[in-house]
Each structure stands twice: as structure tokens, then as C-alpha cells.
Amino acid sequence: MMRKSQLQFNTELRVHHPPALFRSNKIICTIGPSSQSVEVLKDLMKAGLNVARMNFSHGTYEYHQKTIDNVRKAASELGIHVGIALDTKGPEIRTGLFPAGDVVIEAHKTVILTTDETFKEKGTAEKFYVDYMNITKVVPVGGHIFVDDGLLDLIVVKISGKDIECVAQNTHTISNRKGINLPNADVDLPAVSEKDLMDLQFGAKNRVDFVFASFIRNADQVNEVRQAFGGKIAVIAKIENYQGIDNIDAIIDAADGIMVARGDLGVEIPAEKVVIAQKMIMSKCNKVGKTVICATQMLDSMTHGPRPTRAEVSDVAKSVLDGADCVMLSGETAKGKYPVETVVYMSRICCETQVTMWNMAAFEAIKNLQSFPLIPEEAICSSAVNSIFELHAKAILVLTNTGRSAHMVSKYRPPVPIICASQELDVCRLLSITRGTIPVYYDTEKLGPDYDREKRVGLAIDVGKQMGVFKEGDVVVAVHADHHTKGFANQIRAIYIK
């Protein structure tokens, strides 16, 4: 019987059906005290880690250098390709210092925020410093100011000179250097702070694979981050505020990918609106084939407990169904008690969710939204995915030196692994965030020149057999250039596995 709708497809699901054998979604893990050792990193990689994230809001350069060295050592010992991401601190707004340490702000009491630097280290419950000089120009009377991840809600009642008089809406204890969010405010902070610039230079020196750029508000800021890095780099723009949402189309166009950073975003906009923002942003990224990451509190309870809540399982599954290419873990793997178990659960949830997806409908939806005519390379790649359904093929083999063809194939959401043979190690690591890909390094010194197409196809087939992706008698689809064309995929063919 022909399936006519997603609803029809859903009615045919069965709980006892096995999960997907190969996980399409990539897993990003934040590395911290719980996960920095080589042995734990190897366990994380075996469990499903694809990208190691360093949070530059914390830690010294010595600490991050150790993380980079350990990740590369662990990946090398396992013979796999793992990406490394530098997550910038970004242009944050923070309070000053409080000599008394913890200070209680009581509900319904008046508190003054000031940009007067004489209060920089003299904060009290009645008046404390804020390090954003233009705050008096961008917040209106009646507007909200959130302190400490939204745990303290202040309403502005009066603005005078450098002072903003507010009334606390709840009681909360704050301390030194707490973050401040200004919902709906047109904040004009630069994309790259002095600290960010030094951090990016450190990243360039160590040849990190990705920069996760915090608090991106417009496309120009994406370019600022790229220029500050000083070399070729994949920039993932983190959407964390209203301005980022309002400018999302231009940001998607400028960036190499998008992260829906639900932590700060859920403070800047109402939490229930994050559901809409997530679905909208992911759909826009899917339409144009840009990588999209879902982050924050995905399996947060596993920071302290061995199993996720049912709500967290549903959240991860919903993110996959919404179109996330990658799902990200933060404190769960950085400081949690169960980092490896968390990745195991994350991988299992993704594999179970994959079998609920009607892949043909996803392919047709994306293809129908494209502007025709397509460029030849994309037409070849989309046709390769279409042939998967017609041939019941078990995999797509892509020969790529830049990752471009692999990414185009991934855009059309094939339900099978994409085995990508490349002579460039950098490309193998870049593919660590591309949905469905299995990067394979073609070592020209051992295997001969990269233009020997059949050797490269043979390598991809050997890897697929070893991994159990396909077996003798199965069909696979290959995408590559002809013998005389380099850097341009212009051929597809069906191959019977012998």
C-alpha cells in the first residue's frame, strides 16, 4: 500500500522495530574536567562523539592546549576523524564586583544599575555596576533586565544619566560578574572582544576545525569573526537573541552553519517561543543545506544522574525530527558524573528517532523548495539521493577533496550512510558535523595518486564492508568526477557489491 502522508507512515511504526543501525546525527561534546583525559575521550569517541567542543568562557590556554592534544591523540589511536570546535566567550554583559560576596536582591525593592566605574568593585544590594556603557540608551522604561541567566528579573522604572532605577520582581542572590540579558534591546556590542581575538589567534595556531561564534546578531558579525581568525575556518553562528532571529536569513547565508543556543535564547525570548524559533531556524537551514546544531540542556539531568528524564529524551528526539544535523552536550560531558553514559543515551535516542522519519517525504520537501535550474553538481547529488529510494541502495559513496559534494548529498537527507573518501585530513574533520557522513582518509602516499578513481571507490567499499554497512549482493550509489575532471562531481553510478 502506498503511503500518502506522514500520519499514515506513523501508524505503521512499531515499538519492537530495531533502531537505525547507523546514526545520521552527529554528536558534539563539551570537554572539561570529567572528560579531558585520553582514556575518557576514547570512550566518548567509541560511544559516539564526533566533535570536541572547548568552551572559552572558562579555562586557560594551557588547559585548552591539553584538550586539543588529548583529543588528537585519542582520535589517532582509534583511527577516526574527530573535529575540534572553539566556542567563543562572545560580547557578554556582566555585573561588577560585590565586596560582600553574595548579595540578596529582595522582591519589590528598588535597585540601581550604573555604568559609573566608581562602583565597578563596590556593588551592593542597592546599587551595582554593569559593564555595558550604552545600556542606558537601549533599555526603555518598563523594559526587563535579566540577571544571572534570568533568575533575577528587574523592571526599569527610571533612567537618569548613568543610572537605571529598577524594581526587583523576585528575590534572588547574586555575586560577582553575573551575566545580564536585555530582551528586545538593540545591543551594539562588537562581535569580537579583545579576549575573543586572542582566543581566535590561539585557535588558528592550533588549526581548530570550527569556531562557534557566540551572540551573533547580524551577518557582518559572522564576517568579523572569520577575519579575526585570520585564515580559512568554518564559522557556526550561535543564535541567542532577538536580533539574531530577526536577521536569521542573512546570518544563514554568511555562516557555515547555525547553532540554536537555547540557553541565552530562552532568557532573551520567552521560553515557550524557543520552540517556534528552533523549528523555524532548523527548517530554514535544511532548505538551503546549512548545518544546524541544537544545544543546551538536552540531557541535563545526566550531569548528576545515570539516566535521562523522559522529557529530555523527547527533547532530543524532537530536535532530530525538527531537522538538527547535530545535537550538543554541554555540562553533561564537561563536568558531569556520567559523560560516557550520556553519549551512549544520546546516540541511542537519535537511532531510535531515525526510524520514525519518512525519508522520502523529507527528500521531496527539500527538493521542491529549490530554485531551478540547479547547478550541475547539486543536480547530480540530489539525483544520487533519489536513486537510493529507487534502487534500495545501502549507501552513497562520495569522492571529495573539498567536502562540497558530500555536503550537497547530505542536504537531501538520504536514509543511508554517506561514505566520503578524501585525500585531505582537514576535510575528513570538517565532515564531522555533516549529517550522515562517514569520512575516510585516502592516503596518497600509501594508495597512489588521488586521480586513481577506482582505488578511491574501492577504499570506500572496503570500509563499508568492514563496518557492516553493506555486503555482497547489495547495491551502492557512487558520486564522483570523471577521470579528467577534478573538484566537480559530474557522475553517478550504481555498483553491485562483490
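Including glycine, each Cβ sits where the backbone N, Cα and C put it.
Taken from Swiss-Prot as is:
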- Arg53, Gly263, Asp264, Thr296: substrate binding site (BINDING)
- Asn55, Phe56, Ser57, His58, Arg94, Lys178: ATP binding site (BINDING)
- Asn55, Ser57, Asp87, Thr88: K(+) binding site (BINDING)
- Glu240, Asp264: Mg(2+) binding site (BINDING)
- Lys238: site 'Transition state stabilizer' (SITE)
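When the CA atoms are compared, no recorded positions among the candidates Arg94, Lys178, Lys238, Glu240 lie within 10 A of Arg53 (substrate binding site). Put simply, Gly263 (substrate binding site) is 14 Å from Ser57 (ATP binding site) when counted between their Cα atoms. Asp87 (K(+) binding site) has Phe56 as its nearest neighbour among the binding-site residues Phe56, Arg94, Glu240, going by CA to CA distance. Looking at Asp264 (substrate binding site) and His58 (ATP binding site), their Cα atoms lie 17 Å from each other. Secondary structure at Thr296 (substrate binding site), taken from DSSP and collapsed to helix, strand or coil, is coil. Proximity to Phe56 (ATP binding site), judged by a C-alpha distance within 10 Å, picks out Thr88 from the binding-site residues Thr88, Glu240, Gly263, Thr296.
Less than 8 angstroms from the CB of Lys178 (ATP binding site) sit Arg94, Thr95, Val147, Asp148, each of them six or more residues away in the same chain. Reported as a whole number, the C-alpha separation between Lys238 (site 'Transition state stabilizer') and Thr88 (K(+) binding site) equals 10 Å. Relative to Asn55 (ATP binding site), the binding-site residues Glu240, Gly263, Thr296 all have Cα atoms farther than 10 Å away. Ranking the binding-site residues His58, Thr88, Gly263, Thr296 by the distance of their Cα atoms from the Cα of Glu240 (Mg(2+) binding site) places Gly263 first. Take the binding-site residues Asn55, Ser57, Thr88, Thr296: by the count of other Cβ atoms within 10 Å of each Cβ, the lowest one is Ser57. A separation of roughly 17 Å, to the nearest angstrom, links the Cα atoms of Gly263 (substrate binding site) and His58 (ATP binding site).
Here Thr296 (substrate binding site) is positioned 17 angstrom away from His58 (ATP binding site), judged by their C-alpha atoms.
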